[in-house]
Number of protein chains: 2
Amino acid sequence: MINKTHQPDAKSWVDVPEGSDFPIQNLPYGIFSTNDHPQKRVGVAIGHQILDLEKAAKHLSIADKSVFSSEVLNDFMALGKEVHQSVRTELFDLLSEGNTTIDASYLVNQSDATLYIPIQIGDYTDFYSSEEHATNVGIMFRGKDNALMPNWKHIPVGYHGRASSIVVSGTDLHRPKGQKMPPNADAPVYGPSSRMDIELEMAFVVGKSTALGDTVEAEEAEDYIFGMMLFNDWSARDIQKWEYVPLGPFLGKNFGSTVSPWVVTMEALAPFRVAGPEQSPTPLPYLQTTGPRAFDIQLEVSLQPEGLAPQVICNSNFKYLYWSMSQQLAHQTVNGCNLNVGDMCASGTISGPTKDSFGSLLELTWNGTEPITLSDGSQRTFLEDNDTIIMKGWCEKDGLRIGFGEATGKILPSKK
Amino acid sequence: MINKTHQPDAKSWVDVPEGSDFPIQNLPYGIFSTNDHPQKRVGVAIGHQILDLEKAAKHLSIADKSVFSSEVLNDFMALGKEVHQSVRTELFDLLSEGNTTIDASYLVNQSDATLYIPIQIGDYTDFYSSEEHATNVGIMFRGKDNALMPNWKHIPVGYHGRASSIVVSGTDLHRPKGQKMPPNADAPVYGPSSRMDIELEMAFVVGKSTALGDTVEAEEAEDYIFGMMLFNDWSARDIQKWEYVPLGPFLGKNFGSTVSPWVVTMEALAPFRVAGPEQSPTPLPYLQTTGPRAFDIQLEVSLQPEGLAPQVICNSNFKYLYWSMSQQLAHQTVNGCNLNVGDMCASGTISGPTKDSFGSLLELTWNGTEPITLSDGSQRTFLEDNDTIIMKGWCEKDGLRIGFGEATGKILPSKK
């Protein structure tokens, strides 16, 4: 799938600063509006600009141009891979150095635009696919000998989460309140979470539906994936710990999750495909695939306390995940569960092998026993009010760099 | 809230047979189409008929009549309790004996109509609110001394389920395939579930949205509930058992859930309000309510093997539930999780105190050790291919009877 849209030396007539997440080889989709045209519509990020696809649609061969005037990407996603591929090639040409079909009047400064959650999300699944994360959490809660559950190496473990509270980067969230059981207490208490955590994840968006009863073969699963985003699965550990037995996380998670505004397509990610970790024991046949199914996506988390500069607290990589997106999707549908365009599946916390690559404060501070020291000398175990978390992700190889932008959010004090 | 629409002796000019689920005091909403008018639209069940609200809308004072031409009830639900109450009163008048404003030309035979899932479901939550069910399952899996988890009497335990695979009564489902760990095996195997079960539940539908960060007081929670339906939470116990630790049920549940086609409104249910079980220990203040919050709804489950008559296997009652819908909804939002119109919340299996009131085969056959004997002498532990399950529900008091219709589904053999 390496074609001209992946050439590292390709340039756009739009200015793309060195190190930008959005060179001409990326072309991620989002939903934006502007003050002078407040209707939400589809755009593509290029450098510091957005190409307005509602306006540019007349230069594209796509039959149904109304998909670019939609408030969500779902209608465009539903058109299928062939259309996505041809739109990508045409956008690449329109934006290529020397092409004069369109000009700067088709562009909007990202700083002049409001970005929205780009997907009408149907069902949202959260997987648990990092062996390092599952092991770390297991050691903390059950000890070294029972760290991984018996099913973990056989099943891409996952559960359903809350779609309504998934918000776009830049949306601040109030610290959740709820029930928690203090250590050594006789009865639970009600109050704000005192163990506010993050989970560094990525999510993929389903771009092709299935009928109830149908299954998706692991080998074909990528046909059903439109693209990827950064995902912060905010977690209130005290609420989660008290509630999660036996039916899983609920209020410890569903007060909010943050996604980045741009959906990077699988076509753009193609050059960064790598092999994932070796899997032993060999998964059951319905989970087997050929060829590399992981992606080399560098991930970075920064914590920014009020009034201080952001400080990097984690560097990880999407390629560390034990279970691939193909396996996750094959598993999700093996029982006939149907997919809709706009369904979202998150990876689970993406922790790497070293301590500085752990994707949650729970792991980074080892359950609060090893605090992080900040630039002003203060310490963090879990998040304080008005702390901001900034997640970034990018791929880099042979002079080609494409990025995901940011998934950023601030934890405001609890509402009265 | 007892008003003229609840008078037991009120009669309609539409024929309503003795014992019908749909007398003039019920007026449940659904979505239907007919051969000669295949567009989905809103109707109200009355006797064996459906009042076509698209057609009757001109006789109602509601401002936006287009809500009755919608393919789902969401737009109507979003109009609020005052509108629902006034439409109910006007429909009651239009259908009352002696009223000649409309006639039989506004009616469609239910047998001539196709019924659809009446809600565009947003997020779906499944609670676990029957003490008897939680205790039974706990005894089977953890023994008598640890039957109820420590959180159970403090929290209306719940988890998020799959909205995409909720289907309307009459939709047959294929037996799901998946991973399961046979007893004493070294490794999991792949294949059709051999422990196909049911869960007798009811669901309520959210009719009023909240903003992210807001909470709903338990005392006010019923303002956010539009109505109720029967709900069969089909469960593949072998798949569920292997997968559910530590993040809860996933593929053991999400291959399909069946709802009844008619939404019975909270206004119709008002005469059947009763006190629920006494709660000890006293719940935290955010879960406290005044006045009776349970509803006396009789529930019945029948199993119909291919070629045999249906056989009742369970009689239960919604009033057995330990946690009320008000408490469930207050808990769901205590952390600021937002509600959308169309969200659905199921009760969890509704088991009563006696063995014939258990709401799942797991309990009725005590984990398969005490099979049910059928009319032809054959036995059931879990469901066989082509078994049909029929769930019914109704309220009865002082000569007034309103019902929910049926939630029916057949388990077809696994797909190849």
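The backbone N, Cα and C atoms fix where each Cβ goes, glycine too.
Per TrEMBL, the features are:
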type: ACT_SITE; residues: B:HIS133; note: active site, proton acceptor
type: BINDING; residues: B:ASP126, B:GLU199, B:GLU201; note: Ca(2+) binding site
type: BINDING; residues: B:TYR128, B:ARG142, B:GLN240, B:TYR244, B:THR349; note: substrate binding site
type: BINDING; residues: B:ASP233, B:LYS253, B:SER257; note: Mg(2+) binding site
type: DOMAIN; residues: B:25-118; note: domain 'Fumarylacetoacetase N-terminal'
type: DOMAIN; residues: B:125-391; note: domain 'Fumarylacetoacetase-like C-terminal'
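Annotated features taken from TrEMBL, shown on the structure.
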| residue | record | DSSP (3 states) |
| --- | --- | --- |
| B:ASP126 | Ca(2+) binding site | strand |
| B:HIS133 | active site, proton acceptor | helix |
| B:ARG142 | substrate binding site | helix |
| B:ASP233 | Mg(2+) binding site | coil |
| B:GLN240 | substrate binding site | helix |
| B:LYS253 | Mg(2+) binding site | coil |
| B:THR349 | substrate binding site | coil |
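The DSSP secondary structure for B:GLU199 (Ca(2+) binding site) is coil. Only B:ASP233, from the recorded positions B:HIS133, B:ARG142, B:ASP233, B:GLN240, B:TYR244, B:LYS253, place their Cα within 10 Å of the Cα belonging to B:GLU201 (Ca(2+) binding site).
The Cβ neighbour count for B:GLU201 (Ca(2+) binding site), using a 10 Å radius and every protein chain shown, is 29. Those binding-site residues from B:TYR128, B:ARG142, B:GLU199, B:LYS253 lying by chain A, with Cβ under 8 Å from one of its Cβ atoms, are B:TYR128.
Between the alpha carbons (Cα) of B:LYS253 (Mg(2+) binding site) and B:GLN240 (substrate binding site) lies a span of roughly 7 Å.
A Cα-Cα distance of 16 Å separates B:GLN240 (substrate binding site) from B:HIS133 (active site, proton acceptor). Considering only the binding-site residues B:TYR128, B:ARG142, B:ASP233, B:TYR244, B:THR349, the residues lying within 10 A of B:GLU199 (Ca(2+) binding site) on a C-alpha to C-alpha basis are B:ASP233, B:THR349. Residues B:ASP233, B:LYS253, B:SER257 make up the record's Mg(2+) site, and a Cβ search at 8 Å around their centroid adds B:ASP126, B:GLY161, B:ARG162, B:GLU199, B:GLU201, B:PHE231, B:ASN232, B:TRP234, B:SER235, B:ASN254, B:GLY256, B:ALA346 from the same chain. Of the recorded residues, the residue listed as 'active site, proton acceptor' and B:THR349 (substrate binding site) place their C-alpha atoms 6 Å from one another. Among the binding-site residues B:ASP126, B:TYR128, B:THR349, the ones whose Cα sits within 10 Å of the Cα of B:ASP233 (Mg(2+) binding site) are B:ASP126, B:THR349. Listed in chain order, the extra residues whose Cβ falls within 8 Å of the Cβ center of the Ca(2+) site residues B:ASP126, B:GLU199, B:GLU201 are B:PHE127, B:LEU200, B:PHE231, B:ASN232, B:ASP233, B:SER257, B:ALA346, B:SER347, B:GLY348, B:THR349.
Shown in sequence order, B:TYR124, B:GLY161, B:ARG162, B:SER165, B:ILE166, B:VAL167, B:PHE231, B:ASN232, B:ASP233, B:TRP234, B:ALA346 are the residues of the chain, 6+ apart in sequence, with a C-beta less than 8 angstroms from the C-beta of B:SER257 (Mg(2+) binding site). Fewest Cβ neighbours within 10 Å among the recorded positions B:HIS133, B:ARG142, B:LYS253: that distinction goes to B:ARG142.
Cβ environment of B:TYR244 (substrate binding site): B:PHE250, B:GLY252 lie under 8 Å away, each six or more residues apart in the same chain. Around B:TYR128 (substrate binding site), the C-beta neighbours below 8 angstroms that are at least 6 residues distant in the chain are B:ALA134, B:TRP152, B:PRO156, B:VAL157, B:GLY158, B:TYR159, B:GLY348, B:THR349. Counting residues per DSSP class in helix, strand and coil order gives 37 helix, 28 strand, 29 coil for the domain 'Fumarylacetoacetase N-terminal' (B:25-118). Candidate binding-site residues: B:GLN240, B:THR349. Fewest other C-beta atoms within 10 angstroms, B:GLN240. The distance from the Cα of B:ASP126 (Ca(2+) binding site) to the Cα of B:ARG142 (substrate binding site) comes to 22 Å.
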